[in-house]
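The structure appears right after this line, and notes come after that.
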Amino acid sequence: MSEPIRVLVTGAAGQIGYSLLYSLANGDVFGKDQAIILHLLDITPALGALGGVKFELEDCSLPLLRDVVCTDQETVAFKDIDVAVLVGAMPRREGMERKDLLAANVRIFKSQGAALDQYAKKTVKVLVVGNPANTNCLICSKNAPSIPSENFSCLTRLDHNRAKAQVALKVGVTTDKVRQVTIWGNHSSTQFPDVRHAKVTLNNGETKQAYDAIQDENWIKNSFIPVVQKRGAAIIAARKLSSAMSAAKAICDHLRDWWFGTPNDDWVSMGVVSDGSYGIEKGLVYSFPIKCQNRTWSIVQGLEINDWARDLMTKTAQELIQERDDAFDATK
Ligand code: NAX
């Protein structure tokens, strides 16, 4: 058994934290022979609840879980960590202006970026979940100059999983039979869920392009895309709470694939710092089709982009440019 890795989860007393921690501690993400020490950070008023989460983790009686460190101090939380899952963020409160929300999140992610820079291992892998996830990730990376920007990513895997599930439901196959879907852009309603390059293996064993399996372009453009884009809002409307179980599952998928690699015949979606691929402004944190190997990721190159797709990819990039500029303004 190798040395335990230290995994930080921020906002650990919240609802995603509650759905996520068991899977991390049980070896579902980093492997069944990888011991783990959990660092759980939350704000001071949540420390009581966080203590209850620690009791429950102990009661799960998990052999891989070597320690649980609960804290409201960044100096403790970020010390020597191998992985950071940044879930905690400022939620929008009634009457709060977008600018105030952005300013509050910029403060949080600036401070956490600086803490990563100062206390974490230089090899730390960072996954930003708290919204606005892409821009928070950008702020965090900018404030951790000693950590390579490739070590930062934001979660668009939930959108990716939603897209796979919608196609699987439409065609009548299980979700593992749908491959190579892509979420382009922002984790927001401007994202572009793209199945133009996706493949589906039908129940008779035949593999087809998703467009040929679906045979309904109108459904793709006018049902599939808006359903995936607005799924988060649909869950809030139905549950009166935002997605937590599916978000936690997506976090596990994202981390597992980054750690162990993606299958040869598939790719995943991750928000990463753009290198200019597909004409997306360098430096923006944008969701791309990604392959992982040896704990590093690369953007899948050479996918054909037609005018319709280009228009959607540009719209979501423009929103990210605006968010980035507003975030920098908010701190002035
Ligand atoms: P909850 O409100 O249940 O939990 C958030 C937790 O973060 C709370 O315990 C709170 O005390 C803590 N927190 C707030 N500020 C903090 C700080 N500065 N440091 C440490 N902890 C802090 O929210 P939950 O449903 O768990 O969602 C968390 C975040 O994930 C939200 O920003 C949400 O919008 C975002 N999501 C992002 C998704 C994605 O795909 N990128 C999907 C799911 C989710 O909506």
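Cβ atoms here come from the backbone N, Cα and C positions, even for glycine.
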The NAD(+) site in TrEMBL includes Gly11, Ala12, Ala13, Gly14, Gln15, Ile16, Gly17, Asp42, Val129, Gly130, Asn131. Which of Asn105, Asn161, Asn186 is also listed there?
Asn105
For Asn131 (substrate binding site), which of the listed recorded positions (Gly11, Asn105, His187) have their CA atom within 10 A of its CA?
Asn105, His187
Looking at NAD(+) and its recorded binding residues Gly11, Ala12, Ala13, Gly14, Gln15, Ile16, Gly17, Asp42, Asn105, Val129, Gly130, Asn131, figure out the farthest C-alpha pair and report it in angstrom, whole number.
19
Specify the nearest of the binding-site residues Gly11, Gln15, Asn105, Gly130 to Arg98 (substrate binding site), where nearness means the distance between Cα atoms.
Asn105
Near ligand 1, meaning Cβ under 6 Å from any of its atoms: which of the binding-site residues Gln15, Arg98, Asn105 fit that description?
Gln15
Do me a favour and check the Cα-Cα span between Gln15 (NAD(+) binding site) and Arg92 (substrate binding site); whole Å is fine.
16
